[in-house]
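These features come from TrEMBL:
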DOMAIN    10-277  domain 'Tr-type G'
BINDING   19-26, 87-91, 141-144  GTP binding site
Amino acid sequence: MDKPINEEIASRRTFAIISHPDAGKTTITEKLLYFGGAIRDTGTVKGRKSGKFATSDWMEIEKQRGISVTSSVMQFDYDGKRVNILDTPGHEDFSEDTYRTLMAVDAAVMMVDVGRGIEPQTIKLFKVCRMRGIPIFTFINKMDRQGKEPLDLMEELEEVLGIESYAMNWPIGMGKEFLGIYDRFNNRIEQVRVKDEERFLELNEEGGLLKPHPMMETSYYKQAMEEVQLQNVAGNDFDEDRIAKGELTPVFFGSALTSFGVQTFLETFLKFAPEPQPRITKDKVEIDPYSKEFSGFIFKIQANMNPAHRDRIAFVRIVSGKFERGMTVSVPRISRTFKLTQTTQFLADDREIVDEAVAGDIIGIHDTGNYQIGDTIIGGKSSFVFDALPQFTPELFVRVTAKNVMKSKHFHKGILQLVQEGAIQYYRTLHTEEVLLGAVGQLQFEVFEHRMKNEYNVEVRMEHLGAKVARWIENESDVSESMAGQRAMLVKDRHEKLVFLFENEFSMRWFHDKHPSINLYNLL
Ligand code: G4P
């Protein structure tokens with residue numbers, strides 16, 4: 001590292017891109033990496049179609065289904081900033097890892113397809129970002145295609161997500177008639193399909209073109225000007241503080257596929273995206289990224305990156321200080337120390353050994369089964385624990401048994417480890433002690449089944465119970481088992497807390513009307 005450590009930390013920008021599948025997350029990620037010089041050609045990230053990503057055997061599932069099971073981390077430098085993009089699996093079968101990745105970032109970019117608007121998975125991921133109060137930048141993609149009216153989309157953001165918005169730029173036309181964007185922030189027009197030297201048209205203080213230009217004669221330009229004018233008068237003001245708190249989302253229009261608006265987006269985003277933010281400990285102490293002592297937390301554990309060894313990689317978000325390879329760290333949960341010699345950093349689909357990293361960065365540390373998701377690791381003498389990562393309300397459930405009852409010991413050991421790792425959630429029925437598993441995405445069950453077979457040598461039988469509405473109970477002592485029934489299963493979670501699994505929202509409301517004194521709540 002060439003710069004003093006404080007400058008290194010200040011240069012970090014760590015974010016995730018959230019979206020519904022097919023909105024263009026992979027495409028924009030590639031473009032960002034391309035502008036950052038991390039890849040020479042686009043079309044190389046994840047190798048979705050080239051099948052390049054088969055780095056472990058259980059990722060066979062991923063290969064077959066053409067999706068990314070695990071979130072990876074990509075790093076590049078741009079304009080003096082070191083950018084870390086944490087990828088979030090974009091298929092419908094996304095898992096809790098996707099949510100937990102959002103615990104490790106300081107900002108999010110929300111991709112929206114201009115034709116589809118706000119979609120279900122975007123809403124789910126948005127809620128997690130909102131809960132954390134991190135800044136959210138919106139990129140409305142595929143402007144080279146006909147889509148919804150920009151003003152309607154702005155309204156949709158406010159109505160569906162409940163976030164106020166400020167358009168950083170405004171499209172001039174759309175689809176085949178997409179002429180460019182009116183860049184309110186930089187006070188210029190960026191043109192599509194022109195030679196590089198004609199790309200930007202400067203504007204005067206009132207936002208009109210300095211010199212006459214054929215664009216001015218088009219109805220698209222006139223309409224864009226009117227709409228921008230409308231927003232100048234009636235829209236939200238640009239407010240950096242509110243952006244930082246995640247109350248106001250800056251909105252950019254563009255087209256990832258044709259690269260249009262992407263570089264301007266990147267540059268503007270990097271101006272406002274926050275540097276590494278402090279984290280709170282369980283005792284409500286704020287750990288400053290610039291404090292000398294190295295600290296971090298594990299937000300994800302990935303097994304079998306290398307099929308030749310059955311080991312795992314724990315992903316650490318560095319919260320403070322500097323990591324140096326070979327350093328000794330402590331893990332307060334188990335009161336043990338470890339020397340960190342095998343560590344990886346991530347660059348597109350390559351991994352390389354990392355010698356140094358600072359607050360804001362993500363490193364992978366080699367794990368032989370000692371770490372758990374949520375663990376705090378500390379490089380100095382302090383002993384504190386970061387606030388626990390949230391547990392997410394599962395939506396899908398299975399009843400699981402070992403095919404061979406003789407394997408019961410391995411079965412329970414495997415489940416215990418995979419539950420601790422955060423791969424799946426554990427529940428059990430009250431008297432019959434049947435094991436139920438909960439997940440936020442179907443894929444988690446498939447990965448579970450595969451890993452039980454390959455790592456614990458146990459074949460499992462899974463009976464799908466389908467989607468359930470899980471609710472925890474504030475006043476457990478008021479619950480009696482007679483309240484449970486076919487449409488409201490009563491189970492315990494791994495912390496021995498009672499949970500109702502309702503058949504659907506309707507049965508939950510019915511239960512609530514019948515037992516108004518029982519206070520139900522859900523996790524995130
Ligand atoms: P995802 O990671 O969010 O799931 O989306 P991805 O980038 O894979 O994009 C989904 C599809 O949308 C791809 O088309 C991609 O080329 C297209 N796309 C992305 N950005 C734009 C854009 O700005 N304009 C237009 N017109 N299309 C865009 P595909 O046919 O599914 O795949 P491919 O054969 O093009 O790779």
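Positions of Cβ are set from backbone N, Cα and C atoms, glycine also.
Any TrEMBL annotation is an automated prediction that lacks curation.
Remember, it's a predicted structure, so these values are computed and weren't measured experimentally.
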- Note: in the chain of MET143 (GTP binding site), residues six or more apart in sequence with C-beta under 8 angstroms of its C-beta are VAL114, PRO171, MET174, GLY175, PHE178, ILE181, PHE253, GLY254, SER255, PHE260, GLY261
- Note on the structure: Result for ligand 1 contact check over binding-site residues SER19, ASP22, LYS25, MET143 with Cβ cutoff under 6 A is SER19, ASP22, LYS25
- Task: Please give the average pLDDT for the domain 'Tr-type G' (10-277) in this predicted model.
- Result: 86
- Query: Where does LYS25 (GTP binding site) sit by DSSP, helix, strand or coil?
  - Reply: helix
- Other CB atoms within 10 A, centred on LYS25 (GTP binding site): 25
- Task: Around the Cβ of ASP22 (GTP binding site), how many other Cβ atoms lie within 10 Å? Please give the count over every shown protein chain.
- Result: 15
- Once the chains shown are all counted, how many other Cβ atoms turn up within 10 Å of the Cβ of THR88 (GTP binding site)? 24
- Give the number of CB atoms, excluding that of SER19 (GTP binding site) itself, located within 10 Å of its CB. 25
